[in-house]
Amino acid sequence: MTWTTPDLCDRYPDAMIAEPLFRHFGGRTAFAGPLATVRCFEDNSRVRELAATPGDGRVLVVDGQGSLKHALLGDQIAANAVANGWAGVLIHGCVRDVEILATLPLGVLALAACPRRTERRDLGDVDVPVNFAGVPFVPGHWLYADANGVLVAPQPLALDGAGGSI
């Protein structure tokens, strides 16, 4: 890894920083990429659908409206996300199968763990702006996460004087 969120914050003081609400559950602590979004409530139908599509290094941001009653991501959907090239998942809600999530090469941030799965009712919105943890998450914006926190920017951030970016 050639970047940290503290270094990015120092270089880009206007970057948006998410409130420190999230715990790491995945096997990858640091991850970054353009974001895709899902808004849902206790139904992971859209999360499952997106994880089955090419991720191309994107980060899936799921606004589960902070529900702690059902897990929106488990080992099967996470393994599918890995197989399809997703860099990570940020969930404003819960995950389950945490022992397995920790072994996968995927960034996973969530509020907590909950063993109960969702009921799939085919509900939820895809690629809509969502807002939680004090940050607007807009499809196509970039998310950077590591052990220090979560940063969001409207474009990829340059990391050197030559204009290189993540």
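Cβ atoms here come from the backbone N, Cα and C positions, even for glycine.
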Matching residue for the substrate site, where Swiss-Prot names G74, D75, Q76, I77 - out of R46, R96: R96
Extra residues within 8 Å (Cβ to Cβ centroid of G74, D75, Q76, I77, R96), substrate: A71, L73, A78, A79, V95, D97, I100, L101, R117
Under 8 Å by Cβ from Q76 (substrate binding site), counting only residues of that chain that are 6 or more apart: none
Largest CA-to-CA spread of substrate binders G74, D75, Q76, I77, R96, angstrom: 11
Close in space, distant in sequence - D75 (substrate binding site), Cβ under 8 Å, 6 or more apart: R96, D97, I100, L101, L104
